[in-house]
Amino acid sequence: QLDPFYASIILFAGRAWDAITDPVVGFFISKTSWTRFGRLMPWIIFSTPFAVISYFLIWFVPDISRGQVMWYLIFYCIFQTLVTCFHVPYSALTMFISREQSERDSATAYRMTVEVLGTVLGTAIQGQIVGKVITPCIESPLFIGKTNSSVAMEELNMTHDTGSLTDTRNAYMIAAGVIGGLYILCAVILSVGVREKRESSELQSDEPVSFFQGLKLVMNHGAYIKLIAGFLFTSLAFMLLEGNFALFCTYTLGFRNEFQNILLAIMLSATLTIPLWQWFLTRFGKKTAVYVGISSAIPFLIMVAVLDSNLIVTYIVAVAAGISVAAAFLLPWSMLPDVIDDFKLQHPDSHGHEAIFFSFYVFFTKFTSGVSLGISTLSLDFAGYQTRGCSQPSEVNFTLKMLVSAVPVGLILLGLLLFKLYPIDEEKRRKNKKALQDLR
């Protein structure tokens with residue numbers, strides 16, 4: 001029941017806070033000494049219980065008339081920090097479990113498959129538990145004024161019904177508890193089942209350097225900057241699509257009761273096709289896989305905006321979008337270890353920077369989510385979006401078409417152009433592998 005303005009402030013402040021915490025956590029991880037559990041695993045183990053508690057408190061409604069904004073701002077920032085303490089070392093584990101490029105690529109494929117599957121599971125859990133609480137849409141005041149319908153007025157009053165609000169609060173708390181339990185279960189499986197190999201990330205000539213020296217070296221590495229730039233725009237394209245697709249299905253296409261199934265089709269398609277892209281990149285190379293995989297969404301995104309509302313076409317577009325989402329999930333993460341190998345060859349006397357590479361990668365993932373949220377919120381607000389309205393003005397429908405079609409297509413093309421500048425092709429990758437073996 002917060003004002004949407006304050007909700008936006010909380011979300012934007014949390015993303016700004018991430019800009020600080022991601023590199024800071026990367027710094028502390030790079031300075032962490034090796035323990036019998038490894039260097040990364042203690043961060044994952046000790047952050048998990050506090051992350052679950054803070055996540056649960058995000059969905060808790062405190063019984064205070066004032067201070068709710070500060071409550072959610074504080075716990076949202078705490079949760080983002082603790083997720084960073086999990087996600088940065090978790091992502092960097094790829095570099096600490098094997099020296100072999102093929103094994104790291106395979107591990108990345110498995111990781112991204114299960115991450116997408118986790119997204120499907122989380123969406124299903126949250127959607128089914130919260131979706132059981134019926135929250136009616138609100139007819140516009142103009143419609144109510146014209147018809148003077150007692151039914152419409154009654155529906156409007158229902159939205160403020162205390163019992164309905166209590167049920168909704170309880171549903172969110174139950175969903176938070178279930179997802180928190182899954183978080184703990186997955187962290188236990190990870191900590192028990194994975195062992196870091198110290199020798200996997202180190203070379204014979206390694207000498208420690210300061211964090212800020214390392215940060216300067218990392219951010220001056222051309223291959224890393226070009227990869228991040230391409231990753232930034234393609235991620236933003238797919239986050240805009242995912243973030244607005246439910247509204248697009250509900251209002252523009254008129255499939256109010258189908259959007260959860262359509263979203264599920266996207267995510268299941270992504271889950272099932274990640275192994276396909278893993279095979280494709282080993283067969284034809286990663287740069288080729290990027291061009292083919294991510295660009296394959298373009299004709300379908302244009303189709304859904306141009307053609308009339310059709311449920312079958314929408315499902316076809318959803319499956320096609322999922323195939324491209326799989327490529328967008330997998331390929332940039334699969335290319336990052338190659339960049340780190342290239343960095344090690346250019347700076348053989350510098351080590352321990354894996355966490356810095358991954359922390360900025362994690363940050364840009366969150367950053368694109370924040371930018372996507374900002375673009376969507378401001379565009380829809382400017383177009384006159386009615387919160388929980390039964391229908392929307394024509395300007396909103398046009399804006400939604402732009403947000404799921406024209407804008408993502410433009411961002412994908414820009415991202416692919418930047419990927420063209422990425423210097424590590426398959427020949428370069430093989431040369432780097434041989435040079436690293438010689439150096440070790």
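Counting starts with 1 at the first residue shown.
Here the Cβ of each residue, glycine as well, is placed from N, Cα and C on the backbone.
Listed by sequence, the residues of this chain that lie at least six past the ends of the transmembrane segment (40-62) yet keep a Cβ under 8 A from its Cβ atoms are 25, 29, 32, 68, 71-72, 75-76, 78-79, 82-83, 85-86, 88-90, 92-93, 96, 169, 172-173, 175-177, 179-180, 183-184, 187, 190-191, 194, 196, 355. Marked as transmembrane segment by TrEMBL: 40-62 (among others).
As annotated by TrEMBL, transmembrane segment applies to 69-90 (among others).
Residues or ranges marked as transmembrane segment in TrEMBL: 171-194 (among others). Sequence-distant contacts of the transmembrane segment (171-194) (same chain, at least 6 residues past either end, Cβ-Cβ under 8 Å): 37, 41, 44-45, 48-49, 51-52, 55-56, 58-60, 86, 90, 93, 97, 118, 121-122, 125-126, 129-130, 132-133.
What TrEMBL records for 223-241 (among others) is transmembrane segment.
According to TrEMBL, the feature transmembrane segment maps to 261-281 (among others).
Residues or ranges marked as transmembrane segment in TrEMBL: 288-306 (among others).
Taken from TrEMBL, the feature transmembrane segment applies to 312-334 (among others).
Positions annotated as transmembrane segment by TrEMBL: 355-378 (among others).
If you look up TrEMBL, you'll see 398-422 (among others) marked as transmembrane segment. Counting residues 6+ beyond its ends, the transmembrane segment (398-422) has Cβ neighbours under 8 Å at 223, 226-227, 229-234, 236-238, 240-241, 243-245, 247-248, 251-252, 287, 290-291, 294-295, 297-298, 301-302, 304-305, 335, 375-376, 379-380, 382-383, 385 in the same chain.
Touching of the transmembrane segment (261-281) and the transmembrane segment (312-334) is concluded from the presence of at least three CB pairs under 8 A, sequence neighbours closer than 6 excluded. Against the transmembrane segment (312-334), stretch 288-306 shows more Cβ pairs under 8 Å than any other of 69-90, 223-241, 288-306, 355-378. Under 8 Å from some Cβ of the transmembrane segment (69-90) lie the Cβ atoms of residues 2, 6, 9-11, 13-14, 17-18, 21-22, 25-26, 29, 40-41, 43-44, 46-48, 50-51, 54-55, 57-58, 62, 187, 190, 355, 358-359, 362, 366, all in the same chain and six or more residues away from its ends. Counting same-chain residues at least six beyond the ends of the transmembrane segment (223-241), those with a Cβ under 8 angstroms from any Cβ of the stretch are 290, 294, 297, 301, 321, 324-325, 328, 332, 335-336, 339, 342-343, 357, 360-361, 364-365, 367-369, 371-372, 375-376, 403-404, 407-409, 411-412, 414-416, 418-419, 421-424.
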